[in-house]
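A.B. asks: Below are the features listed in TrEMBL for this protein:
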TRANSMEM  19-37  transmembrane segment
DOMAIN    27-479  domain 'Major facilitator superfamily (MFS) profile'
TRANSMEM  84-107  transmembrane segment
TRANSMEM  114-135  transmembrane segment
TRANSMEM  141-170  transmembrane segment
TRANSMEM  182-201  transmembrane segment
TRANSMEM  207-228  transmembrane segment
TRANSMEM  290-311  transmembrane segment
TRANSMEM  331-348  transmembrane segment
TRANSMEM  355-372  transmembrane segment
TRANSMEM  378-400  transmembrane segment
TRANSMEM  421-443  transmembrane segment
TRANSMEM  455-475  transmembrane segment
Amino acid sequence: MGSLAPGIKLITAFSRDSWYRFFILLLTFVFYTSYHLSRKPISIVKSQLHRNCSNIIYPSDLNITDNDTWCDWAPFDQKNYQNLFGVLDNCFLVAYAIGMFFSGIFGERVPLRYYLTFGMLLSGLFTTLFGLGFYWKIHSLWYYCLIQVLNGLVQTTGWPAVVACIGNWFGKGKRGFIMGVWNSHTSVGNILGSLIAGVYVSSAWGLSFIVPGIIIASTGVLCFLFLVEKPEDVNCTPPQHHESAEQEPLLSNSSSNEEIFSSHSLTAVEPVEEHTEAIGFCSALKIPGVVEFSLCLLFAKLVSYTFLYWLPLYIANVAHFDPKHAGDLSTLFDVGGIVGGILAGLISDYSGGRATTCCAMLIIAAPMLFLFNKVGQSGLSTTICMLLWCGALVNGPYALITTAVSADLGTHECLRGNSRALSTVTAIIDGTGSIGAAVGPLLAGLISPTGWNNVFYMLITADVLACLLLSRLVYKEIRGWCGNTTRQRG
């Protein structure tokens, strides 16, 4: 009998459960990539909406009254354009922050497949409407602000739903590593959004929004057709969320003891009665660690989203790159973020200290932000290096808190048996973080006219505060390690 083809060997080597888990991981990765892809264009287009028109040759048939603003897009042709950009960012981010607290509540009561599909279709519509302002020649600030508010509200459907779906399929073992890899969708979406927007920004900036809008709407259709909310829906084994005598393995293989994306522990666990009622907001706040990590994420996300919305403009202004090249260069920050998220997950899995991992990366990030502002623009190679380092150190803690930490707290032992708490806990943590995401770009818009140095001092201060808010949890983790070491010696 002939040997099986390598491809068939690969397919049959893993169990049906393992393939379903890989499929859900990939599918939700694509979903949230499209969410971030549709948010990124505004940061790329800013440098096109307001340019230094005195350096651009204007058409001879155009009646020019102001050499400095003739090529700008009204109403962003005014001297307070940075404040207007800050208002535009805040319309999205404040709506997102407010909506996030309610999104988790809806997410626990509405089927995730319908909820995500609804959110992505509407996100595609509003993103496209922003871009159509270019073709419809709309110069009203209110139009763009309204679109940003509506888009911010519907974008809140994404995060609680995809984290709840992943939490339904994956157990606690190696959660930091799996979610660290999976959370790279944030950076991948930012990179793709920057590159797609950069293609059209100089010729027809409206397409920088329309194309991402079509992409996220298409993924909404994909969600409706293929998303499976729970393993039980397709007769797969549900995951074990709490550690038993042995740590659950990462890999699952049908022909050996290794498992990939395992759903259960090797040892028997006592069955627990499952409670299906949704958890209340106040009850979620009482879960140990929720308040600390939520407040930490507020400041960590403040730093991350300030870079998300203002980095291309900073590079264009300070390093004097054109809008396309500034956008392309800013993607290196997200490349560093991918590495940082994975490293944070690996380190926290190995050490068992989620808070300590976050705190260590935040401590190192503060001086790196200072160095980036002082020497980051002294040469192209230096800029690339600093962007990668800052991206890893800033986005590492942010990625760990919004994924593995949220999933850990949403399946905390005090909630054992309640399978519907994850969406609310995730929404509280990310909703609190989104307040920082709204405040950061707003402060950057207000402070940047006084000099970019002051913007970076604000970011460093936020970074230090994020670290201090985890001090109690870090102390608790270190005491746990010291206690384990003492017992082993004894």
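Positions of Cβ are set from backbone N, Cα and C atoms, glycine also.
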A.B. asks: Out of 19-37, 182-201, 355-372, which stretch touches the transmembrane segment (141-170) the most, going by CB pairs under 8 Å?
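C.D. replies: Answer, by Cβ pair count: 19-37.
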A.B. asks: Is the transmembrane segment (421-443) in contact with the transmembrane segment (19-37), using at least 3 Cβ pairs under 8 Å (sequence separation of 6 or more) as the test?
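C.D. replies: Touching, no - the transmembrane segment (19-37) and the transmembrane segment (421-443) miss the threshold of 3 or more Cβ pairs under 8 Å.
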A.B. asks: Other than its close neighbours in sequence, what residues sit by the transmembrane segment (114-135), given a CB gap under 8 Å and a spacing of at least six beyond its ends?
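C.D. replies: Distal contacts: 31, 34-35, 38, 41-42, 73, 106-107, 143-144, 147-148, 150-151, 154-158, 161-162, 204-210, 212-221, 223-224, 227.
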A.B. asks: Taking pairs 6 or more apart in sequence, does the count of Cβ pairs under 8 Å between the transmembrane segment (182-201) and the transmembrane segment (355-372) hit 3 or more?
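C.D. replies: When sequence-distant Cβ pairs are counted, the transmembrane segment (355-372) does not touch the transmembrane segment (182-201), since fewer than 3 lie under 8 Å.
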A.B. asks: Below 8 angstroms Cβ to Cβ, which residues of this chain, lying six or more residues outside the transmembrane segment (84-107), approach it?
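C.D. replies: Non-local partners: 39, 42, 46, 49-50, 75-76, 78, 115, 141, 144-146, 148-153, 155-157, 159-161, 164, 278, 281, 305, 309, 313, 423-428, 430-431, 434-435, 437-438, 441-442, 444-446.
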